[in-house]
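What Swiss-Prot records for Asp258, Ser260, Ser262 is divalent metal cation binding site, and it gives similarity to another entry as the kind of evidence. Under the heading domain 'Cache', Swiss-Prot lists 445-536. What Swiss-Prot records for 258-262 is motif 'MIDAS-like motif'. As annotated by Swiss-Prot, signal peptide applies to 1-24. Among the features that Swiss-Prot reports, topological domain 'Extracellular' is placed at 25-1061, with the record citing sequence analysis.
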Amino acid sequence: MAAGCLLALTLTLFQSWLIGPSSEEPFPSPVTIKSWVDKMQEDLVTLAKTASGVTQLADIYEKYQDLYTVEPNNARQLVEIAARDIEKLLSNRSKALVRLAMEAEKVQAAHQWREDFASNEVVYYNAKDDLDPERNESESGSQRIKPVFIEDANFGRQISYQHAAVHIPTDIYEGSTIVLNELNWTSALDEVFKRNRDEDPTLLWQVFAADRLARYYPASPWVDNSRTPNKIDLYDVRRRPWYIQGAASPKDMLILVDVSGSVSGLTLKLIRTSVSEMLETLSDDDFVNVASFNSNAQDVSCFQHLVQANVRNKKVLKDAVNNITAKGITDYKKGFTFAFEQLLNYNVSRANCNKIIMLFTDGGEERAQEIFAKYNKDKKVRVFTFSVGQHNYDRGPIQWMACENKGYYYEIPSIGAIRINTQEYLDVLGRPMVLAGDKAKQVQWTNVYLDALELGLVITGTLPVFNVTGQSENKTNLKNQLILGVMGVDVSLEDIKRLTPRFTLCPNGYYFAIDPNGYVLLHPNLQPKNPKSQEPVTLDFLDAELENDIKVEIRNKMIDGESGEKTFRTLVKSQDERYIDKGNRTYTWTPVNGTDYRYLALVLPTYSFYYIKAKIEETITQARSKKGKMKDSETLKPDNFEESGYTFIAPREYCNDLKPSDNNTEFLLNFNEFIDRKTPNNPSCNTDLINRILLDAGFTNELVQNYWSKQKNIKGVKARFVVTDGGITRVYPKEAGENWQENPETYEDSFYKRSLDNDNYVFTAPYFNKSGPGAYESGIMVSKAVELYIQGKLLKPAVVGIKIDVNSWIENFTKTSIRDPCAGPVCDCKRNSDVMDCVILDDGGFLLMANHDDYTNQIGRFFGEIDPRMMRHLVNISLYAFNKSYDYQSVCDPGAAPKQGAGHRSAYVPSITDILQIGWWATAAAWSILQQLLLSLTFPRLLEAVEMEEDDFTASLSKQSCITEQTQYFFKNDTKSFSGLLDCGNCSRIFHVEKLMNTNLVFIMVESKGTCPCDTRLLMQAEQTSDGPDPCDMVKQPRYRKGPDVCFDNNVLEDYTDCGGVSGLNPSLWSIFGLQFILLWLVSGSRHYLW
């Protein structure tokens, strides 16, 4: 009985699948649908193969083997050579640093401090003179130089090699005795700057960052008014990561915040801001956490131990600090017990160097001696204390805490003292480095960051400069323990890239380098989008690629300094980040000795183990093409586009005197004119690059002349194209090339790189533009890599393809899918059917073809936005898999700023949120001025001036760094057919799915979504803003890293009796007034142009 019921139920379900709910006509059988798909596939592949000439181009390469050789890409040899070249480059820069540091110490030791200077005695060029042309008068005791500048291609700006420039922060009085003395003795560095450049003309910026100024060479205006007029300069070299890194060893820091009831109002706001500023003095080599205390102590965030001080973790801590509230009573014992126990927890990843507690409080009577006696008897943990706000507490107890624990005591009575007093602790941490002498003289290399003087992405080598005044020749008499400053030398990433040539590796081969934190120095996906970001560019290798267990292993071995090689199959994200392909890659890595970036790797796909090298012969460059009509180089001239097809060449550095240009026509003319004047064998040229592009020009021209031009117009084909490794792109006919939108640099072209990784014909969806014309009008791109075996060696030197007219494709498709006879509406895919949706998607889930006109206008759109429920079901049945990836280099509009109405784009039109936020700054500034007026009468040396943070005012004016997430879809497996019911609760939709062999396409036939309303929530693929992975979870399993090899955190000779107090502060009250009145003016409605 039970078996009979089960059989009846099965038959009923089967019949309901065959007969759709909206029609009595049966749904086409899988066999029928497959026959349609097979016919479509055959027609498409035949069309693409015939029209593109993929076989013919392969024949041309094989026919003319005498014009080139096949050379090996020996991965081990290539990576070793590149590693040694990078090592040599950084070593040369390090030598320049050492010369500068030695001279600086020598000159300063001989310098006689002076209280007075004669008028115009100190001569220098102030880099900020051009910021205010009407205010170029010199301060008392100094005289300004007026350099003659020339435009320099290496720096991309106005330069004078005859002088150095000086930048003095806005909060520093240029005429002060300290500044005049620093200007005086650092002027001797100019000659060393020049000698360094004479020895190595490729040197870029050389900088000495002292306490109150930065001297850099060559001289250049700080701001180019022609590019960024009316910009307020708020730069301070002391806040730059490279200066902070060079001034002290890594830190384990616990910030302890008093949140008792007495800490309220303005004091609490000052503490919040002070903690945020303190966090900005930390780099990725440091570890930190923030705890609050009153009668109890607790972490302010989800972090329960020290965490790496990276950008994301610091943001979590800043957000948490901004939410703390004040209540209860102060118990220093509870607070310090909590701080010491967390700071001394060695079971977590940490810096294992300077151990620091930073106490922010409004003061108190308790000293907590027994806690220090218990946890810090040997004084291995430094305690810095900050008395914040105006109050009547005795400063003695918290000053005692600092003095007893080798720290320093600071007072922050107002906003004006925050910036300077939250960075002064670096001088204390620098004492052991000075006392260590030459042992501490080790060049360190920074993370990648954007140069303040618009040099682009750079790394900086740093070396501390010590005050050796009074030191004996044998360095046993150490009378001084102060750091004078940090010396820096920049290295452009472009210079390093030139040592890792890529144009023989094929577009999917690349080098990358990482540091001990796992951050990349080189990687094709290292592309920060925020040109104004002050943060270092810290992109982890596992975030630059699609992570898997093998890559984690490779990263760990590289950090450990091992050499190795591994071949495996991996997921590869496309250049345009819309697709994911699967490909075999071989990773080969080796150490780079003597640098922080000690690890270099080369990644090669299997088809780039060999490459084509054109023979270096005059006959190649000047011979006529095999057709005999014109020289190979002449086929690149715009005058010959009608005959040879519209031609693009990759904008590469073929010769030193031939600069790449984004204007293809201009570049082609310059290229041909150069070739006519000079042979490619000219010493200033890259002979291999030029010969290869000329070789490809001849081969592709022969394809056009002997094949494409002889074919009759093929219906449905809008264009044909060929793209080569050598950098040639030809589009035929000429008219089609005039609308060509692909990247002329073939190594950065998404469809080209995808074609190499796929053996099939790759159909590429155009970009969907909601507000623009239909994307389908440009045609559907179909491409195929040319595959060769020359002497048994696999090569893929080019990609050919066509663009298909969508309307012709739809017409052929509907004819293919019509059944005869067909009495009902369900039996086929007739155009604009009311009950049947027939679509073709690519492997990324993008729409390429449909039987509905309203779908046709959405060609190129992700199917999850068109039929969300069906797309979700395609994932559920394992047709598609997906990968969610994060981009940590994105920029977004400020989240708090809504779209504004009319008004000049450069003017600040604040939102309510902005007004509330900045309102506090205005209020606090007003209070600060009143406090300082009163305090100056009693304590004229109490306060320190400060530069205000640029981001406080400009964050809402431009893009902000942010995290975005994007989901890429791809075929999960090789299964060809899927059938079933899409259940929508009250109704269902029958569907059948069939992949098209030898392509990246899939055909879907499904009952119309209009016949069965279902879940309409869009499934998004496009990039969206995101919070990224939860940092609270990430810190529980931190990625493997190694800190610096050396640590200078304690020295028995250290004199720590200088531990702070108001007597040590030397303010510039009028600087504070000026800055804060400017602040009030800015936030009170002035339409000041900040950029």
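Here, residue 1 is simply the first one shown, and the rest follow in order.
Cβ coordinates come from backbone N, Cα and C, glycine included.
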Checklist line | Check: same-chain CB within 8 A of divalent metal cation site center, minus Asp258, Ser260, Ser262 | finding: Val259, Gly261, Val263, Asn294, Ala326, Gly328, Ile329, Thr330, Thr361, Asp362, Gly364
Check: Which residues in the same chain, at least 6 apart in sequence, have a Cβ under 8 Å from the Cβ of Ser260 (divalent metal cation binding site)?
Finding: Asn294, Ser295, Ala326, Lys327, Gly328, Ile329, Thr330
Notebook entry, point to check: Who sits close to Ser262 (divalent metal cation binding site): which same-chain residues at least 6 apart have their Cβ under 8 Å from its Cβ?
Noted result: Ala326, Thr330, Asp362, His391
Notebook entry, point to check: Where does Asp258 (divalent metal cation binding site) sit in the DSSP three-state scheme?
Noted result: strand
Check: Hey, what's the Cβ neighbour count for Asp258 (divalent metal cation binding site) at 10 Å?
Finding: 26
Item checked: Arithmetic mean of per-residue pLDDT over the motif 'MIDAS-like motif' (258-262) -> 95
Note to self: Counting by DSSP secondary structure, give me helix, strand and coil numbers for the domain 'Cache' (445-536).
What the structure shows: 5 helix, 33 strand, 54 coil
